[in-house]
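Annotated active site, proton acceptor per Swiss-Prot: E317, in sequence order.
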Amino acid sequence: MSLQWWRDTCREADPQMRRRAAERQDRLTKPRGSLGRLEQVAIDLAALQGRERPSLERLWVTVFAGDHGVVAEGVSAYPQAVTGEMLRNFVRGGAAISVLARELGAGLEVVDLGTAVPLEALPGVRHLRLAAGTANFVEAPAMGAEQCLLALEAGRESVRRAEQAGSQLFIGGEMGIGNTTAAAAMACALLDAPVSALVGPGTGLDASGVAHKTAVIERALALHGAHRADPFETLRRLGGLEIAALAGAYLACAQKGMVALVDGYICSVAALCAVRLNPACRDWLLFAHSGAEPGHRHVLEALAAQPLLDLGLRLGEGSGAALAVPLLRQACALHAGMATFAEAAVSDRPA
């Protein structure tokens, strides 16, 4: 395994299929452009899948979990034990993403990269447990270099399993108490933006809690700020095991030619890191929604992303991405199933 495998070449979209899909859209029985962004979504998927009529029948959902040492600074409204407790909920079918994956006919993989509280072996959970959570990043780097590399590789391996299953779309989700703090710190470093613009309530902090969270991140940036220009160092110093796995998954999707649907704030920060590690992966990332965390908008703008939904979501788990899948499927169905003007014997407008 190359220590910097993420620099490997990404697959390219098929320009011929993009052209053919665009031509088909222009021949369908509707005014050109009348289906708005659904038309471009179908065209983009055609180019990425190399098929004039793309399909999203087979989905893969992985939730990556990991705890964060910065929780010791009092930055979360919930105790750290919740991370492990939610793993049980995921595999027992009671979490939001469990319900949504079931409704979509998608399998759900759960990967424990580093819960702070050891868990019993749970059927349906891959217990990698690279560490008992990250270190407190106001005192030291969140991860060692080897831990970060292993977490990136865990994301890559999840995509490999998705590919072997014949999946056409990858959704990554996350679970980790304290991970909005890590995501905000990473976003500040990667965007060179003020902390106040990128920090929000996470799982439910009040105004004083947000102010404290802001101060904690400012301390972390003061400690690690000299490494802002290096996305790998930013990831390992300020990120989390699950965030690294997400970044690795997005990079692997681009290298294998699988579309990734990016969820909320934390996933979008992981995507931003992936793009900084290998800019060519950007074409393979679709963005599901614009979430309630104030920093999410800034990250999406930096990625020139056009999210599909805006529902005020802030749950994570991959839930927002799962909610956007029916929209993508309908875009594909319209593109493939509508008749052309010639097929329907309907008069087109004059050329």
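Backbone N, Cα and C define each Cβ position, glycine as well.
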Spatial neighbours, same chain, of the residue listed as 'active site, proton acceptor' - Cβ under 8 Å, 6+ residues apart
V63, F90, A95, A96, I97, G173, E174, M175, D263
So, three-state DSSP: helix, strand or coil for the residue listed as 'active site, proton acceptor'?
coil
